[in-house]
Amino acid sequence: MKKKIIAANWKLNGSIKTISYFLTFLKSQISSFLKNNIIIIAPPTVFLERVYKDINSINIHLAAQNIDVNLTGAFTGENSALMMKDIGVKYIIIGHSERRLLHNENNEIIAKKFCLVKNLNLVPILCIGETEAEKKSNKTEKILKEQLNSIFNSFGEKAFRNAVIAYEPIWSIGTGVSADPKNVQLIHKFIKNYIKKYDIVSAENLIVQYGGSVTSLNAGNFLKQPDIDGLLIGSASLKHEEFLKIIKISDSFL
């Protein structure tokens, strides 16, 4: 049975003090839950190396929230996947809806980043999802196909071997309105079946997470669905006790 991936995306939040407290608490509680779960933390870039030093010894994995499309060069203010790897990052979030909406990242840019991550033997967490307008127009599957096709066109049929997908309906991100777990199950099954057309091995081993207003109150309803393989958690992951509750819930389904 595949392990569930429970990932904390802290976005632009945290301080040295709050992160130190969070990690001290987590390290004291987490050991019994690591057998059946893969736990990932994606802090702001400035805290990556500090977090790595705290979590590496207990087998919690480090993720970056974003990278540039370039590995080196005169690109002031950007962060390289190569540099991320050098400081212990294993996973990199690609194409989060906030990057798409606030930084105008399109499928082409996201595909370039995906390829960089794969070529460095890191693991991309590819975020895909539809807007509320697209959902109401019954275009969800069409949009997801377009987002997935951009990856296949750039990297080939085996693109999703050693990769993670996070389905995050854009209308649910940061709104407090989570999607219906049964509908999410259908979409996750669609994603896996679509990838299976290109590569059976990818589809059979693929982890597809759900992200969008996840809390300890609704996490179980998502995780009990057969094709929801984990969670990408935003605001709820900033609260140490809430995050641990979600991990415990995940562990109870294995």
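All residue numbers here begin at 1 and follow the chain in the order shown.
The backbone N, Cα and C atoms fix where each Cβ goes, glycine too.
Taken from Swiss-Prot, the feature active site, electrophile applies to HIS96. Annotation for HIS96 (active site, electrophile): spatial neighbours ASN9, GLN65, ASN66, CYS127, GLU168, criterion Cβ-Cβ under 8 Å with sequence separation of six or more.
Mapped onto three states, the DSSP output places GLU168 (active site, proton acceptor) in coil. Annotation comment: Swiss-Prot describes GLU168 as active site, proton acceptor.
Summarising the annotation, Swiss-Prot assigns substrate binding site to ASN9, TRP10, LYS11, GLY174, SER213. When Cβ atoms from all protein chains are considered, those within 10 Å of ASN9 (substrate binding site) total 25, not counting its own.
GLY174 (substrate binding site) carries neither a helix nor a strand DSSP state and counts as coil.
The secondary structure of HIS96 (active site, electrophile), as reduced to three states from DSSP, is coil rather than helix or strand.
There are 13 other CB atoms within 10 A of the CB of GLY174 (substrate binding site), with all protein chains counted.
A 10 Å cutoff on Cβ-Cβ distances gives TRP10 (substrate binding site) a total of 22 other Cβ atoms nearby, all chains included. Within 8 Å of the centroid defined by the CB atoms of ASN9, TRP10, LYS11, GLY174, SER213, the record's substrate site, lie the Cβ atoms of ILE173, ILE233, GLY234, SER235, SER237, LEU238, excluding the listed residues themselves.
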